[in-house]
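Database features (TrEMBL):
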DNA_BIND  B:13-52  DNA-binding region
DOMAIN    B:75-178  domain 'CoA-binding'
BINDING   B:Gly87, B:Val88, B:Gly89, B:His90, B:Leu91, B:Gly92  NAD(+) binding site
2 protein chains.
Amino acid sequence: MRVAEPTVERLVQYYRLLEQLREEGRLVVSSHQMGEMLGIKASQVRKDLSYFGEIGKRGVGYHVDRLYGHISRILASPQIWRIGLVGVGHLGYALLGHSAFRSDKFRIDALFDVDPAKVGQEISGVPCFHLNDLPEVVRERDIQVLILTVPASAAQACVDKAVESQVVKGILSFASTALVAPEGMLVYRVDISVELEKLLFFLKGGAGV
Amino acid sequence: MRVAEPTVERLVQYYRLLEQLREEGRLVVSSHQMGEMLGIKASQVRKDLSYFGEIGKRGVGYHVDRLYGHISRILASPQIWRIGLVGVGHLGYALLGHSAFRSDKFRIDALFDVDPAKVGQEISGVPCFHLNDLPEVVRERDIQVLILTVPASAAQACVDKAVESQVVKGILSFASTALVAPEGMLVYRVDISVELEKLLFFLKGGAGV
């Protein structure tokens, strides 16, 4: 089953919401309520979920527990991904400590930086290596995914190190710059200010031409 | 002109890319190249841009400068938004220092925290107030937008303070929890781990059922 990227994004959002609802002890939820809480149309919620084989009961909705289990299996990982985090500045620290980065799907296994005060240390229980040693360290530790929290000017050099390693398959970059990677290496960018731009656009009335 | 949310998101991405291409001194760019660099289909790029009145020349592409100016006017703001940032932890610091948060559209004008070591101080040149004083401070300073970089457990209390102020129109939350706000107040959530979940989903092959 091939799934489009925006669908996966919504699926992750449903999953997070259902996790929260479960913790609150909720038993059922309607597509309308899910849509309200996530800013997604109820019809889209129904469409997405029916695509994955879940049909809500009219006037009742979805069983929180069952739907959670279902989506959880779709998103489940066959392995625990080992992740290297490159750039231990404020953003790097923020991710290390962020609740959303505690997961049974992945584990931040190594840090990389160029700061002599950080290299060789353990930070939040994770060893920090020099960026130059990245290819060797990721090979030794079976790290296939990198998160880049480096300045834009340093991001491409990190990608190049990842390419050199020949084992990194995917990169998530928080740097606000376009990156060049060989085919077969997945590079996703998170632009943490895009949502702010969107918010301001809609606050001004959504029309500018 | 009503514009859908995903379109605005892509528009912001085009804008960022064109900004970078301009700095690199590039004169023209094709929809194919733009799509490649952003992970968007070339046909989608052409569709979006033609919707805003820009038609590329076949075999040549778009004039970087002109397209930049055009999108820049669409995204332009009639005012400089004053923003309050709530929660001066690692993520708050990261945003304060992030290049994408330097803009002529907005200015982070006040910080809020509950930590006595931070309240009353200036941090990166911005004064930090106690969260309890938020309604008063945002009214005095004409702050209509808040960014929340607080733990999930504290986020709703911040929204409630914003509601109490009666002047906050929009909130951008980095907390991984659903928030309840009155109609008319725009609340956008940034889930910084959604992209990682997506990346891992596609790395495992994109199929799980």
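Placement of Cβ uses the backbone N, Cα and C atoms for every residue, glycine included.
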Cβ under 8 Å to chain A, applied to binding-site residues B:Gly87, B:Gly89, B:Leu91: B:Gly89, B:Leu91
B:Val88 (NAD(+) binding site) CB neighbourhood, other CB atoms within 10 A: 25
Residues from the same chain, set at least six apart from the ends of the DNA-binding region (B:13-52), whose C-beta lies under 8 A from its own: 7, 60-65, 67-68, 70-72, 74-75
Helix-strand-coil residue split for the domain 'CoA-binding' (B:75-178), DSSP-based: 37 helix, 29 strand, 38 coil
Candidate with sparsest Cβ neighbourhood (10 Å radius) among B:Gly89, B:Gly92, the listed binding-site residues: B:Gly89
Number of helical, extended and coil residues in the DNA-binding region (B:13-52), per DSSP: 29 helix, 2 strand, 9 coil
Neighbourhood of B:Leu91 (NAD(+) binding site), C-beta criterion under 8 angstroms, separation at least six: B:Thr149, B:Phe174
Average model confidence [pLDDT] within the DNA-binding region (B:13-52): 88
Cβ packing number for B:Gly87 (NAD(+) binding site), 10 Å threshold: 24
